[in-house]
Amino acid sequence: MMRSSQPLTGTNGRRCKEDEKLINASLRPGKRGYIIDTRSLNVAQQARAKGGGFEQEVHYPQWRRIHKGIERFNILQESLIKLVEACNDQSHNMDRWLSKLEASNWLTHVKEILTTACLAAQCIDREGASVLVHGTEGTDSTLQVTSLAQIILDPRCRTIRGFESLVVREWLQAGHPFQQRCAQSAYSNSKQKWEAPVFLLFLDCVWQILRQFPCSFEFNEQFLIMLFEHAYASQFGTFLGNNESERAKLKLPQKTMSLWSWVNRNEELSKFQNPIYEANSLVIWPAVAPQSLQLWAGVFLRWNRPSQYLEEAQEEMVKIIKYN
Amino acid sequence: VENVRLLDRLSSRKAVLGTLYLTATHVIFVENGSETRKETWVLHSQISSIEKQATTATGCPLLIRCKNFQVIQLVIPQERDCHDIYISLIRLARPVKYEELYCFSFNPKLDKEEREQGWKLVDLNEEYNRMGVPNNYWQICDVNRDYGVCDSYPTEVYVPKSATAHIIVGSSKFRSRRRFPALSYYCKDNNASICRSSQPLSGFSARCLEDEQMLQAIRKANPGSDFIYVVDTRPKLNAMANRAAGKGYENEDNYSNIKFQFIGIENIHVMRNSLQKMLEVCELKSPSMSDFLWGLENSGWLKHIKAIMDAGIFIAKAVAEEGVSVLVHCSDGWDRTAQVCSVASLLLDPYYRTMKGFMVLIEKDWVSFGHKFNHRYGNLDGDPKEISPVIDQFIECVWQLMEQFPCAFEFNERFLIHIQHHIYSCQFGNFLCNSQKERRELKIQERTYSLWAHLWKNRADYLNPLYRSDHSQNQGTLHPQIAPCNFLYKFWSGMYNRFEKGLHPRQSVTDYLMAVKEETQQLEEELEVLGERLANLQKSQLGDSKVKSKQQDRSKQLRLSTSNNSLANTPQEYSNDLKSFPSRSPSQGDEEDSALILTQDNLKSSDPDLSANSDQESGVEDLSCRSPSGGGCLPSEDSGKDSDEAVFLAG
């Protein structure tokens, strides 16, 4: 699986032999590949007017292009704001709650991204085909798809270290602009142009899979919530900056502590371990039907109700396993 | 009928060929596959509706919808056969006499004494004693011993000490269906009580001294409070409309020291329609998130669940925090009243959150108090307007509470689902007829078996591993939140999409923990045995040179790794528009389990139902009725066996 940004085909239908060679090199002999464009066909076509575009069949004959329109990041921010607003609405009216939940569209985004990631994983696992994923910049939906696909396919990504590596590889090193995206979160007063809960949405999707396969992840929900928090505000330097170049310029490795160095200490790690984890070598396929996806109460309703009962359940679980 | 195809609901491309059999009690589909010969059994009692769809090139489709939310889609090759099956099923699914029901032919091979013992498992007298009555304030009343006062009430009810027979009889004449106020729950800590009745026949201005005295008596039975709440669970408008028909509700001016409260829960017709709409949403093929959420909202189902829950919360609060007694009624006092009283009791008393206590609760507030099981759940063919998912809603309230308080219930989700299943299955006699009187007339206890005994025998399957009776969550009253953003009401896919395994979490935390606990127990036993041996060895002189260390056979490999691996699961159809991915629905791999569930009525191979069908008139020569479970399987609803690798795009 490879990722990139959009090809600069433009209105003239420019081609680039080097680009074609590069991605063709990832094809397995005798097999073709799939390009998963995270924009709808319309949007991808419109991109040409601004110099962007998509891979044309005539130049990339061994590749089959699939468009799975995932919302642009700015839409996600609006979605989050509406969702959080719904979660703060203490009205007793069920209709109101459900309609606000639906109007936020948050779960729709979860479904879309999970579905696309599953598709990518399917191409690789079921067809043995190579996959190239890109959207416009290759810094948002692209990364959601590639990282989720790996969680589906690769059991190592479900271990704590493996997941940390995945985040480092597919988000930090890949240049997801954390600084821009995770500046203000849902309560921002001024509408930030680049603000979007892309990483949170990714974590939400991971949680959905975790919920469906509770024995297949070495980490627990708390781990994901911790990462969400640190992406927005952290005493560690890991999520600062927008890409590796900036981090190097800011001399972060010299001036700040790494989140991982703290998380991976035994006393911290024990809080994030899943007591019922049983390593398996399976590819796990999440269900993406609406009935199978739930609102991530651990994040969105976290302050709405006493966490006591669920924490006690967690403790009980740990006790049972420990005693055994 | 041969060459019938059973379609997979999620993936319409996937169909299985087999033979369809109709027996006196079941519809059975047997797969043609050489190795498995998987069987799908459906009880006639479970059939809710049958739809014959337009004939296509492939045959005549028949859609069977069940009361336990299973949906079966068959394709019959010949239109004539399809029509015959359709007509037969319509007749079979609408029995006219009780004797046609499965419970009268079901034979679990228990002797007479075992059958009797089974019925004695739940003893309401014991229960009232446990609550603390009779005592100085409450007495048992046998004024109804021949059902002479109220034929839908039990022979024995508890009433306040100061309620004389005269008062009771007088009050009963002023209540709809003569269902006078009687005790549902007594809180011995503060003497507050929950009483239940039907609506008073007050019309616009009628009064009844005895009825007013009855309410006084209830108040006096609680010296800690100088008033009682009267809770009418109907919407105000409906209650007011009833006045025109000579019924209505209590006027605070006439009844001294009452505080009257409406808690608007809709009637059985609204609930029936609500469920219908929700099931339609469930039947949508590949709905978007918006379709689903909008459909769910539009059905109003969760809103109704919440209304029932809120009523229960109000009453529990009144009893536990305010120490005030509550009289609950709706119209006839056998639907919403039952729901609300049992939810309140469950919140108040941890006993009802145990397995035994829950059975007792249902026996008390639903069975003994005359909830009309026959009319509501269609044991016999009757008026479709009487059908309504009343107890289903109560059961869902319990599930919603279990999700919020995971350590507070001794039983698990499977327990609830199986109870719901059997309310409709008529395999046991507990939920037949409309009243205790009718059940006694039919001699149910002598002619059928009790579900409670059956569930109790298999209780290991129904335990919640996180439950501890001494857990803090389990002391005293539960206090759920009210606003929907605080109490997250979830869509219960385990119930409404029960047979679509592909939609559920693929690994079960409950089953995993139960397996660990079982193993722990075994290890403890081993430890004990080894400890004893060690002690013995130490006692006897160490003359014996060799000490044989015999390892005990740990027969059960309890780790669920095997079932984990079998969850290799197949991908869903992630792209409906993409022809190049003819993936199979993950429900495929689990269909074996759905057969398990169907044939065994969700129990393990110990289920006596299918081990020998010799007593059933099957009318089928060739039915090789080996129990399809093969034994040894965990009754996990998602321990499906791995299916063959799907065939994908070639080349």
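Just so it is clear, glycine is given a Cβ too, placed from its N, Cα and C backbone atoms.
In TrEMBL, annotation is done automatically, which means it is predicted and not curated.
Listed ranges B:149-176, B:261-288, B:429-456, B:513-540; the one TrEMBL annotates as coiled coil is B:513-540.
Of all Cβ atoms in the shown protein chains, 27 besides its own fall within 10 Å of the Cβ of B:Cys330 (active site, phosphocysteine intermediate).
Along the domain 'Myotubularin phosphatase' (B:118-496), the predicted structure has mean pLDDT 95. Following the DSSP three-state reduction, the secondary structure of B:Cys330 (active site, phosphocysteine intermediate) is coil.
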